[in-house]
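So the structure is just underneath, and the comments pick up after that.
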Amino acid sequence: MGMSSLKLLKYVLFFFNLLFWFCGCCILGFGIYLLIHNNFGVLFHNLPSLTLGNVLIIVGSIIMVVAFLGCMGSIKENKCLLMSFFVLLLIILLAEVTLAILLFVYEQKLNEYVAEGLMDSIQHYHSDNSTKAAWDSIQLFLQCCGVNGTSDWSGSPPASCPSDPLVKGCYAKARQWFHSNFLYIGIITICVCVIQVLGMSFALTLNCQIDKTSQALGL
């Protein structure tokens, strides 16, 4: 691999990470917007920080940091930054695999935990504006009512519930939505993992090529 190939690999890795840096900026900005406007609110009171806005801010920040290391490491041909980029991608990939395994192993316990958390949050609907916003958003989006149905609400269901008395609960609707979109979710997950592996491969290849070029030039 000559100098021309090194430059090509360097710029491919640079623009690859630049694109992801902009994606990270968009995700971070959207997360901040949701956090400020509190559109989705708090759904699980035992985990008050687990909101869509907070999750997007964390994901966006991680993408921006990793992509920045990849951009600077490739364009500056800095081995330290390239290896930091590689290690961070490896940690993220291992974390994703570990999370997938844990979700599969503890699926039943997770389902019970989510159902209990949703039932608990219904009790705070009229007393907490953020919980009210979260439930109204979910019920309008999924066209559902309560956790298991209209009977979950004491008194009359809120206005965000569909008028159909036989409407399904949001827990069943959410599971149905997940299973109906499982193929697309799987494809997106696989694509993300492939992109991460490619990024790691490019970083290692560029790192090795920098060593070879330095040796050839007697540096």
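Each residue, glycine too, has its Cβ placed from N, Cα and C.
TrEMBL annotations: computationally assigned, not manually curated.
Taking a C-beta cut-off of under 8 angstroms and a sequence separation of 6 or more, C145 (disulfide bond) has the following same-chain neighbours: Q139, D152, W153, P157, C161, P162, V167, K168, G169, C170. The annotation disulfide bond is assigned in TrEMBL to C145-C161.
Taken from TrEMBL, the feature transmembrane segment applies to 12-36 (among others). Panel annotation: around the transmembrane segment (12-36), residues 51-64, 66-71, 74-75, 85, 199, 202-203, 206 of the same chain, lying at least six beyond its termini, place a Cβ under 8 Å from a Cβ of the stretch.
The feature transmembrane segment is assigned by TrEMBL to 48-69 (among others). Beyond its flanks by at least six residues, the transmembrane segment (48-69) meets 17-18, 20-21, 23-35, 38, 40-42, 81-82, 84-85, 88-89, 92 of its own chain at Cβ-Cβ distances under 8 Å.
Among the features that TrEMBL reports, transmembrane segment is placed at 81-106 (among others). Proximity of distant same-chain residues to the transmembrane segment (81-106), defined by a Cβ-Cβ separation under 8 Å and at least 6 residues beyond the stretch ends, is recorded for 17, 62, 65-66, 69-70, 72-74, 192-193, 196-197, 199-200, 203-204, 206-207, 210.
Among the features that TrEMBL reports, transmembrane segment is placed at 182-206 (among others).
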